[in-house]
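Below is one structure, written out as structure tokens; the observations come after it.
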């Protein structure tokens, strides 16, 4: 019985400490994640990723290559790491 308890505590500890396993609470999420998608004021057409706080998802948008705001990621992974996971 003691071995099972130790194993359970060990597994829980690993899960809590492993990066990318927990969802951030809204108060812990960086404020940039609450900004709307902003395509900017340039003339290019680049696919970028932004965090949609209402849908709690990282979504694609067209970025013009100039201006905009900080809620602008090149990769979905970066958006998720910043706005979804610890």
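Glycine is no exception: its Cβ is also placed from the backbone N, Cα and C atoms.
Record features (Swiss-Prot):
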type	residues	note
DISULFID	33-83	disulfide bond
DISULFID	58-79	disulfide bond
DOMAIN	33-83	domain 'BPTI/Kunitz inhibitor'
MOD_RES	86	threonine amide
SIGNAL	1-26	signal peptide
Task: Residues near residue 58 (disulfide bond) in space but at least six apart in sequence (CB under 8 A) - done: 49, 50, 51, 52, 73, 76, 79, 80, 83, 84
- [ ] Could you tally the C-beta atoms, other than its own, that fall within 10 angstroms of the C-beta of residue 33 (disulfide bond)?
- [x] 20
- [ ] Tally the residues of the domain 'BPTI/Kunitz inhibitor' (33-83) by DSSP class, grouping H, G and I as helix, E and B as strand, and everything else as coil.
- [x] 10 helix, 15 strand, 26 coil
